[in-house]
Amino acid sequence: MSEPRPPRVRVTGPPRRRHAPTARTGDIDEQTALGSVYLDSLLREQLALALRVLAVLALTVGSLPLLFHLAPGLAGVRLLGLPLAWVLLGGLVHPWLLLLGWRYVRRAERNERDFVLLLQMDSDMDTET
Amino acid sequence: MQGVPGLVALVAVSLATLAIGSYGLRLSRTTSDFYVASRSVRPGLNASAIGGEYLSAASFLGVAALVLTSGAQMLWYPVGWTAGYLVLLVLVAAPLRRSGAYTLPDFAEARLDSRRVRALCSVLVVAIGWLYLLPQFQGAGLTLAAAVGAPAWVGAVVVGLVVVVGVGGGGMRSVTLVQAFQYWLKLTALLLPAVVLLVVWRGDGAPGVGAVGDGWSMPLGAGERGLYTTYSLVLATFLGTMGLPHVVVRFYTNPDGRAARRTTLVVLGLLGAFYLLPPVYAVLGRAYGAAPDDTLVLELPRLVVDGPLGDVLTGLVTAGAFAAFLSTSSGLALAVTGVLAQDVLTGRSAGGLSGVAAFRVGASVAVAVPLAAAVLAPDLSVARAVGLAFAVAASTFCPLLLLGIWWRGLTGHGAVAGLVVGGLGSAAGVVWAVADGTEGGWTDTLLAQPAAWSVPLAFATMLGVSRVTRHRVPVHTRRFMVRLHTPEVVPLDRG
């Protein structure tokens, strides 16, 4: 009777699932080989996308000074009654930059969605086995 | 009578700014509110605020005057200032937000685990911020002198005071509202007069367009040096935007990386819309024979339209110009304040101030120094100082951000070496400009536009020294990179 009562213990069954649904993020956090592969693929994909956009920017807008330097006659060309340089640099370049940015955002978000799907798919497979 | 519209505009803009600022102050309660508006600003509002902060006196007054003076080659300024946001969008926006740091020094320390890099970055933020603030205060002095005939220091002091009250009083939450308002004010103040002036111009028989034939429609200067200067300018503006302290601080107010991207995209649209207008003023200024100096935008309405309509339009552009000084100075002062308050005034040293108090003292110091410089040395060229701020940013923070975000091999030593080399190289250009060296040869060209050589040099140094010290790569690098690039929906340990 005088014995102290043992502390209460919660009794539970064995864990049903060995991994939480987001197990693969553990791989990324803990820097396993698999986590590295996942991250590297996302990083490569996003960097390649960024470089593609920048290449287009360099080839279109960035090449204009060289183009006008090599062919000074372009300064006299008129588009809609205005000199070409004014139409390009004063007007068209702005919607063009916006278009490049818009396409970039769509692709970058798609890359991230694919990445998230990949992680989920993988952890689903884990929980089934 | 001459000064009345300008005076009315000045008072109205200052009052509106303080009113919106104090409204924001009612919403600002915590230190987090002060620094990052508690990271909860939506893309539309945030983009307006970024646009409002970014469109400085150089954009509102300077571009039109430069284009009128030198023609299409000066269109590269607005193009570069917009394209800089595209480069920022694709390389920096989302990872920078995900880094979870507030200022550039925060980012550098978190990424490289080095107090030395942090200290160096703090110095650079303050230097670039002050270099950029100086012409804002000078421009304010010029504008007020042109609008109401006040002595030049009055405008600088008025802007300085409103900025200290706005920033020190309400912090980021209130500055965000003020700047969003000021973007739309600036757009309206340039758009409405432009439309009226164009209608009047058509009524006058559309004079002056036929004359656009000579070097005025050539998008770069003559010869190899013209080509170099243009490409150096392109490089400085395309890459410098991401390294401007007031631009970077804004990204931490986005809720997440995805919002940071969307915000930047909206900014691209807002800037593009605005930059369509200054060339219109330049062309009209040429048609009506306006004087080619920084007051072109302010003088043009009266030159084209007589009577009360001219006065109203003058008041409108004056209001816009004043909003430009206020918003850009607020943003810069806020960025410099953040660094001063965090690194100099709080915590680590004994007797440090508490969060909000440090913020207020920091704001006063951040404004007082460039204000004193602007009042004491009012002769430094406005456009050149802004251009050099871009060159310094492109030669220092751009390599740090790009290599820090995309390359695992960056070390603290590499970063320090690159920052020093890029900073000194571009600072040589600053000194050259202050000393007003005019030699006229290649040396002059290379120093006047240092970005084309100082940016590659900084990158090469950072890469080279990092390779040599590769055993010093911080151990947590991979973990940090994971945080930078993984979307927020993935539940990671984000430290």
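In case you wondered, yes, glycine gets a Cβ from its N, Cα and C as well.
Keep in mind the model is a prediction, meaning the values are calculated, not measured.
What TrEMBL lists as transmembrane segment is B:6-25 (among others).
Look at TrEMBL and you will find B:45-68 (among others) tagged as transmembrane segment. If one looks beyond the transmembrane segment (B:45-68) by at least 6 residues along the same chain, the residues whose Cβ comes under 8 Å of a Cβ in the stretch are 74-75, 77-78, 81, 132, 135-136, 139-140, 143, 175-184, 186, 190, 246-247, 250, 253-254, 259, 263-264, 266-267, 270-271, 274-275, 278-279, 281-282, 285-286, 290, 292-298, 320-321, 323-325, 327-328, 330-331, 382-383, 386.
The transmembrane segment annotation in TrEMBL covers B:74-96 (among others).
Residues or ranges marked as transmembrane segment by TrEMBL: B:117-133 (among others). For the transmembrane segment (B:117-133), the residues of the chain that approach it from at least six positions outside its boundaries are 56, 103-106, 108-109, 243-246, 328-329, 332-333, 335-336, 339-340, 343-344, 366-367, 369-371, 373, 385-386, 388-389, 392-393, 396-397, 400, 412, 415-416, 419-420, 423, 430, judged by C-beta separation under 8 angstroms.
If you look up TrEMBL, you'll see B:153-171 (among others) marked as transmembrane segment.
Sequence annotations record features per position, and here TrEMBL assigns transmembrane segment to B:183-201 (among others).
Residues annotated as transmembrane segment in TrEMBL: B:228-252 (among others).
As annotated by TrEMBL, transmembrane segment applies to B:264-284 (among others). Proximity of distant same-chain residues to the transmembrane segment (B:264-284), defined by a Cβ-Cβ separation under 8 Å and at least 6 residues beyond the stretch ends, is recorded for 43-44, 47-48, 50-51, 54-55, 59-60, 63-65, 67-68, 75, 78-79, 81-82, 85-86, 88-89, 93, 183, 186-187, 190-191, 194, 197-198, 201, 208-209, 212, 290, 296-297, 300, 304.
Residues annotated as transmembrane segment in TrEMBL: B:353-376 (among others).
Per TrEMBL, the feature transmembrane segment maps to B:382-407 (among others).
Look at TrEMBL and you will find B:414-435 (among others) tagged as transmembrane segment.
If you look up TrEMBL, you'll see B:447-469 (among others) marked as transmembrane segment.
Within its own chain, the transmembrane segment (B:382-407) has Cβ neighbours under 8 Å at 56-58, 62, 66, 91-92, 95-96, 104, 107-108, 111-112, 121, 124, 127-128, 131-132, 134-135, 138-139, 142, 233, 235-244, 248, 294, 414-415, 418-419, 422-423, 425-427, 429-430, 433, 449-451, 454-455, 457-459, 462-463, 466, 484, counting only residues six or more beyond its boundaries.
Residues 54, 58-59, 62-63, 66-67, 107, 219-220, 230, 233-234, 236-242, 247-248, 251, 257-258, 260-261, 263-265, 267-268, 271-272, 275, 278-279, 401-402, 405-406, 484-485 of the same chain lie 6+ residues outside the transmembrane segment (B:74-96) yet bring a C-beta within less than 8 angstroms of a C-beta in it. Outside the transmembrane segment (B:183-201), and at least 6 residues removed from its termini, the chain residues within Cβ reach (under 8 Å) are 13, 16, 48-49, 51-52, 55, 60, 207, 270, 273-274, 277-278, 280-281, 284, 287, 297, 300-301, 304-305, 309, 313, 316-317, 319-321, 323-324, 327. The transmembrane segment (B:447-469) is not in contact with the transmembrane segment (B:353-376), judged by fewer than 3 CB-CB distances under 8 Å for residue pairs 6 or more apart in sequence.
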